[in-house]
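Participant: The structure follows.
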Amino acid sequence: MTQPLFLIGPRGCGKTTVGMALADSLNRRFVDTDQWLQSQLNMTVAEIVEREEWAGFRARETAALEAVTAPSTVIATGGGIILTEFNRHFMQNNGIVVYLCAPVSVLVNRLQAAPEEDLRPTLTGKPLSEEVQEVLEERDALYREVAHIIIDATNEPSQVISEIRSALAQTINC
């Protein structure tokens, strides 16, 4: 199987952490769309949003998604990548989409443990727990709609990777 694997989900679900280890375990290349975009522009996500507003960032995010999609690649996407209909169809049609889902409490704990406010601008201006709850309520249906595989991401990364590998084996054998 050489199809790209797209990891989707909200901030804090482990897309980058799991993605790097998953790519290593599958002997694949790893790319994080936010990190790729930041390296191309030499700006943080917050700086891009400040300069170009969210609409400009979303357009650049789509371009990044297209640029990094390649065979034998694990791609960690930004949490809002699914907001653009093109991106949802692109990922569904060009690879296997894995939704790393986790409850709000887990997401908030992870985000508080590794705060990166300069890299992750607020979406609502509300306190973190309220923002995570609101954003997840808005996006969960889109994550589920686009996903080929849904994985509980509350476990340790090694367990999450094991579950992804198992689900991939079943997907390939169908």
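Each residue, glycine too, has its Cβ placed from N, Cα and C.
These numbers come from a predicted model, not from an experiment.
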Participant: Quick check: of ASP34, ASP152, which does Swiss-Prot put in the same substrate site as ARG58, GLY79, ARG139?
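Facilitator: Record source Swiss-Prot; matching candidate: ASP34.
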Participant: Quick one: pull the CA-CA distance for THR17 (ATP binding site) versus ASP34 (substrate binding site), whole Å only.
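Facilitator: The separation of the Cα atoms works out to 13 Å.
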Participant: Out of ASP32, ASP34, ARG58, ARG139, the binding-site residues in the record, which is closest to GLY14 (ATP binding site) when you go by Cα distance?
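Facilitator: If we rank ASP32, ASP34, ARG58, ARG139 by Cα distance to GLY14 (ATP binding site), first place goes to ASP32.
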Participant: Say you check the Cα of GLY12 (ATP binding site) against those of the binding-site residues ASP32, ASP34, ARG58, GLY79, ARG139; which is nearest?
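Facilitator: Checking each of ASP32, ASP34, ARG58, GLY79, ARG139 against GLY12 (ATP binding site), the shortest Cα distance is to GLY79.
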Participant: Give me the non-local Cβ neighbours of THR16 (ATP binding site): same chain, 6+ apart in sequence, Cβ-Cβ under 8 Å, ordered along the sequence.
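Facilitator: Expected: ASP32, GLN35, ALA76.
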